[in-house]
Amino acid sequence: MEPSMDVNSVTISVEGMTCISCVRTIEQKIGKENGIHHIKVSLEEKSATIIYDPKLQTPKTLQEAIDDMGFDALLHNANPLPVLTDTLFLTVTASLTLPWDHIQSTLLKTKGVTDIKIFPQKRTLAVTIIPSIVNANQIKELVPELSLETGTLEKRSGACEDHSMAQAGEVVLKIKVEGMTCHSCTSTTEGKIGKLQGVQRIKVSLDNQEATIVYQPHLISVEEIKKQIEAMGFPAFVKKQPKYLKLGAIDVERLKNTPVKSLEGSQQRPSYPSDSTATFIIEGMHCKSCVSNIESALPTLQYVSSIAVSLENRSAIVKYNASSVTPEMLIKAIEAVSPGQYRVSIANEVESTSSSPSSSSLQKMPLNVVSQPLTQETVINISGMTCNSCVQSIEGVVSKKPGVKSIHVSLANSFGTVEYDPLLTAPETLREVIVDMGFDAVLPDMSEPLVVIAQPSLETPLLPSTNDQDNMMTAVHSKCYIQVSGMTCASCVANIERNLRREEGIYSVLVALMAGKAEVRYNPAVIQPPVIAEFIRELGFGATVMENADEGDGILKLVVRGMTCASCVHKIESTLTKHKGIFYCSVALATNKAHIKYDPEIIGPRDIIHTIGSLGFEASLVKKDRSASHLDHKREIKQWRSSFLVSLFFCTPVMGLMMYMMAMEHHFATIHHNQSMSNEEMIKNHSSMFLERQILPGLSIMNLLSLLLCLPVQFFGGWYFYIQAYKALKHKTANMDVLIVLATTIAFAYSLIILLVAMYERAKVNPITSFDTPPMLFVFIALGRWLEHIAKGKTSEALAKLISLQATEATIVTLDSDNILLSEEQVDVELVQRGDIIKVVPGGKFPVDGRVIEGHSMVDESLITGEAMPVAKKPGSTVIAGSINQNGSLLICATHVGADTTLSQIVKLVEEAQTSKAPIQQFADKLGGYFVPFIVLVSIATLLVWIIIGFQNFTIVETYFPGYSRSISRTETIIRFAFQASITVLCIACPCSLGLATPTAVMVGTGVGAQNGILIKGGEPLEMAHKVKVVVFDKTGTITHGTPVVNQVKVLVESNKIPRSKILAIVGTAESNSEHPLGAAVTKYCKQELDTETLGTCTDFQVVPGCGISCKVTNIEGLLHKSNLKIEENNTKNASLVQIDAINEQSSTSSSMIIDAPLSNAVDTQQYKVLIGNREWMIRNGLVISNDVDDSMIDHGRKGRPAVLVTIDDELCGLIAIADTVKPEAELAVHILKSMGLEVVLMTGDNSKTARSIASQVGITKVFAEVLPSHKVAKVKQLQEEGKRVAMVGDGINDSPALAMANVGIAIGTGTDVTIEAADVVFIRNDLLDVVASIDLSRKTVKRIRINFLFPLIYNLVGIPIAAGVFLPIGLVFQPWMGSAAMAASSVSVVLSSLFLKLYRKPTYDNYELRTRSHTGQRSPSEISVHVGIDDASRNSPRLGLLDRIVNYSRASINSLLSDKRSLNSVVNSEPDKHS
């Protein structure tokens, strides 16, 4: 059997895929082809990656196979990449007679198996596999009737590898083989060396450039093997000495006192008692080869029973006979091992297990030697487990592995915790064991293993060193990505980040709102990704763990110049893969390209390029096409322009000839009519014309010229039509190109046939041909397509503008510890890494999303947010990629780069929206599928009907045929007339205009919306928005700003007793420890009033939910003193301002502009007892509330403003009212929506009083208050059941289910606060007037779609009957070229109609405001209908979920701060069956 060792991989771009069905079709069809091992098609990347056998397939044949399926396949790189393979040696242990042919046929049918070699005499199979497709476990499952044992040449640490391969009398040899470039080299080497007598097995690794050989030294020598390899043209060097079971000469020389065993003795080694164990620190080990050298050399000493070497810990544990050898001798033995560069020291860990060790040996040992065996613990993430059987299977297999102390696998959390001996096994080995069982196992990214000291001896010091403690407590970091849905604004992001950081085991959280993704760093020993996702779900969001989410971020494609041979490739690959954080590196010498996968948190693209540069090569990014050429249709425009000009060049003479012949025909017809000329004379005069003269019998000059001019147009101008028509017919479909090809081909073929017949019959009368039809058809069709693509390019201008905003370069700066600029570097924007400091100069574009760290400026964000006015930026402000810096230079820290930037997400959103189909378009596409066959049938029917009519009543044809001539026969006249009518029917029918009606309008509509800061996710919401009858607003964050602010501070004590500034300082300090939103608002207000960022000290802080807080405050004197100094400074400034013409200095300074009298500067630190809360909290603490204060709180509560009381040292000092203010444009937006005939509803989880107050301010008369999250969905559904289309507008956590349930979900954001998952329509700006604009734009777009459908309907319903000759009696008739012109005009008119949407402008709200000012106004509370809870729907409501319970408790807590006298604890404690 010829081995097929070569396996290649090629990636082919595939255009034309629209759904998953296309992907499956390609994978199934191509996957069945001979020689295909694996195929993976990506709809997102529009590519197919195929692993194949180059002997059976080539990239070109694969491309053609995909082309034949009707897709456009493009091969960017014709040079395939080699695919790594591995060889499994499977030893058969069964004793029965083996069906070798059966095994071979079974395995060869398996995907991923490339070659099988059978050695019946050795009962062994060598199976070559592609590890990325199939693994050893799957191979063994394919032959269940046989018990197979893996004796494969897998890479294992230590001597275990070698001894598992070598039987008695056999030796393992490793030889370095250089110059191998492909798998053909490895297979050739294995084939020739494996045939040598004495060679039992051989495995050649292309990656490591080495050969591992098991041979019998009595049959063949090392030199002979080396010579045979070099004879094949590969330089060979012995990498390791053969493992004879005796010491080498140099070791004997250095260990003269140690007896050396003979070869015979080595095969039956005596078992010595293990008296002691010593741990040595070995410096100088670099790789597994060093480990293997030491482990293979030291056990040859007579008194050493075992050794385990750890490369990670740079240590070795040796068990030996203490009565015969000392640790010092073992140190010398290790240092003598080749290459003799190891530095060995004892780690003071010698365990004596002998019952009576000799006193001499004990004296040689250090006095402080202790017993301290090491145990480490690792966590392995395991996916693919489905039941407890999987858990028991993993625990059973792994626990049997050497070095494993214990294992516990958690099915719920999908991870396993393994306690193991690091000197006997490693985490990677354990992971591979689990993978071989068929599960996916991933090790967390750990910087330092957690070391546990087990069973310390009595001599162990009680106080370990600090360093040991540090090593034990080193945190293990892992990273996961979680897809989060339902986020609508920055408060959602802050909520998730704040709550996750509180959970044990989570180090950091970064949430990207635009991408809907959270990046979490965590300790895998404490918490796992599924648990983190559950925490997020408990917060009210949808959350799923993203598998392999970090792969997309860490893929780098480079062009590497300067490589000359395979050695250069190996040098780059080996150097890069040694770097931490680089998972994979593949360099192709032929294409000079490198493909690298890396962890962006550990290493960045600039670091990788610098590393390659340090090797002496030049590396640069593969330039991506950042242009919008695919949007402006430049290639298609150029193609159709060329086609039009070619057709026009040849068509112009044809049209001239046709017009000349028509004029001459008219001239002779006039003579015939006036002079009563006979038919014979008519024919004679007609043939006397120059163009009608015959060159050959039956062939006139006119027909010859027409044929010559028609040929290039037919086959060059129409080439594209033929290709598209062929592909359509091949897949049993029909499109516009089929109609065009049918019309032109039939006309050309008909004319050519009758011309050949006339020449064959040597006819004296020239036949009437239609060679003029194809050129004229192609001219008008090419012109129409050219104009159509120009117009289509205009429809995507908005998206092209967004893409053009992306910066191409960034200036990265380096700062020192004092933020002083050290250096600047100009890099490609794709090389920017998160955390980079970027400098943006005035007029420059922001290359990435970031946060300002230094500088002040104004930024133009108009092209992204639609906001015309520049936005001020200062340190701490966020900036959006693509916006333009105006005045000052800024330093920003990159937070989101690459595909995660806001601009990239907006571009992606608009692209997806413009390719989505509206429901009306789906109907049009379905209609278009039946249109072409219907037109073909009509055309055939027209041909047959007119032939029948002509033979029945020739007078009709004679009367209405414009080109009738008595010089031709009746039969020819009838056939020509019928043929012309049928061709015209084919030409005028146009399904294109029907198909263009909706997508062009959707493209323009979504593009115009994006330019105005309104992102509409596709055609369906764009079409649905105009049907909306009810608009439901959430209150918090939508109608209101969503952040409470202090509305009023009322001081209830005299100022000389406690000044207002002192009350603010105490209250601000007390509330600074509170996490309640009202507490944060109070703290912010106090800091602003006192003009400070620091407050006093708060101790004994306690919070009672639903009541208030208590604490003790100190250290506010310095704060007050600082405030007094500012007051004095301001007073001085104000006094100097009024010293105009002042004579008396005393009088001039007594100005009324002095703010306050200076307060006494207290220097003694005083402690204040503080209570802040509602009336119930004050009453609990024994305070009496006066009627005036009580009335004031009731008044605030009626207006929806929570009010809290403040006591200092048991004295009521102040009242603070807090409110969530209404947005200024809310009232106007509500009024405009009502004037458009829409019903406006307010739905909120807040209490009825607050809801009524807010509704009265904005003019909403219908309110649903105290609605729980799950009930918002039920209420939207209830409105829908009433037959109303509902639009839900919101931005909060609890709004996302209702947004999904509504017919149109609208999410409001601010700047970068744009949701992707939760809504159908997204506003980049936080402006309620955009709700009006989105509905108005939807109405305009749908109106335009309806107009667009009108054009093709008129063309086809009127044009087809005219073309078929129905209206001949009234003189309406079309020639074929007229039909093609009309068809082209229909498509162009539809696209031009859609372009009128570009004239759309958002309504002028200034005019709206002027026009509606007299009509708008606040509603009185009596006019507002407030419904509490879900009203009549409560009977069918489910029990409250976890989120609803949390919200219920929170509401009770917040509402209890209102002025209502009754306690709301009953609401919390009672079972909320009534949902109110």
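Including glycine, each Cβ sits where the backbone N, Cα and C put it.
Given the structure is predicted, the values throughout are model-derived calculations rather than measurements.
DSSP classifies C22 (Cu(+) 1 binding site) as helix under the three-state reduction. Within the same chain, residues at least six positions away from C22 (Cu(+) 1 binding site) with a Cβ under 8 Å of its Cβ are G16, L43, F71. Feature annotation from Swiss-Prot assigns Cu(+) 1 binding site to T18, C19, C22.
Counting only same-chain residues six or more apart in sequence, the Cβ atoms lying under 8 angstroms from the Cβ of C290 (Cu(+) 3 binding site) belong to G284, L311, Y342. As annotated by Swiss-Prot, Cu(+) 3 binding site applies to C287, C290, with the evidence given as sequence analysis.
As annotated by Swiss-Prot, domain 'HMA 5' applies to 376-442.
Summarising the annotation, Swiss-Prot assigns N-linked glycosylation site to N674 (among others) and lists sequence analysis as the type of evidence.
What Swiss-Prot records for N685 (among others) is N-linked glycosylation site, and it gives sequence analysis as the kind of evidence.
Per Swiss-Prot, the feature N-linked glycosylation site maps to N887 (among others). A sphere of 10 angstroms centred on the C-beta of N887 (N-linked glycosylation site) encloses 15 other C-beta atoms.
Marked as N-linked glycosylation site by Swiss-Prot on the basis of sequence analysis: N953 (among others). Secondary structure at N953 (N-linked glycosylation site), as computed by DSSP, is coil.
The secondary structure of D1034 (active site, 4-aspartylphosphate intermediate), as reduced to three states from DSSP, is extended strand. For D1034, the entry in Swiss-Prot reads active site, 4-aspartylphosphate intermediate, with the evidence type a curator's inference.
For N1130 (among others), the entry in Swiss-Prot reads N-linked glycosylation site, with the evidence type sequence analysis.
Annotation source Swiss-Prot lists N-linked glycosylation site at N1134 (among others), citing sequence analysis.
If you look up Swiss-Prot, you'll see N1448 (among others) marked as N-linked glycosylation site.
With respect to their backbone Cα atoms, T18 (Cu(+) 1 binding site) and D1034 (active site, 4-aspartylphosphate intermediate) stand 37 Å from each other. For the recorded positions C19, N953, D1034, a Cα-Cα cutoff of 10 angstroms around N887 (N-linked glycosylation site) retains nothing. Cβ neighbour count for D1034 (active site, 4-aspartylphosphate intermediate) (all protein chains, 10 Å cutoff from its Cβ): 26.
Across the fold, the C-alpha of C19 (Cu(+) 1 binding site) and the C-alpha of D1034 (active site, 4-aspartylphosphate intermediate) stand 36 Å from each other. Here the CA atom of N953 (N-linked glycosylation site) lies 76 Å from the CA atom of D1034 (active site, 4-aspartylphosphate intermediate). Note on N953 (N-linked glycosylation site): other Cβ atoms within 10 Å of its Cβ, all shown chains, come to 11.
Reduced to three states, the DSSP call for C290 (Cu(+) 3 binding site) is helix. The residues of the domain 'HMA 5' (376-442), classed with DSSP into helix (H, G, I), strand (E, B) and coil, number 22 helix, 24 strand, 21 coil.
For the Cu(+) 1 site, the Cβ centre of T18, C19, C22 serves as reference, and the other residues of the chain with Cβ at most 8 Å from it are M17, I20, S21, V23, L43. Its Cβ placed at the centre, T18 (Cu(+) 1 binding site) has 10 other Cβ atoms within 10 Å.
Under the DSSP three-state reduction, N887 (N-linked glycosylation site) is assigned to coil, being neither helix nor strand. Other Cβ atoms within 10 Å of the Cβ of C19 (Cu(+) 1 binding site), summed over all protein chains shown, number 9. Taken together, the residues of the domain 'HMA 5' (376-442) have an average pLDDT of 81.
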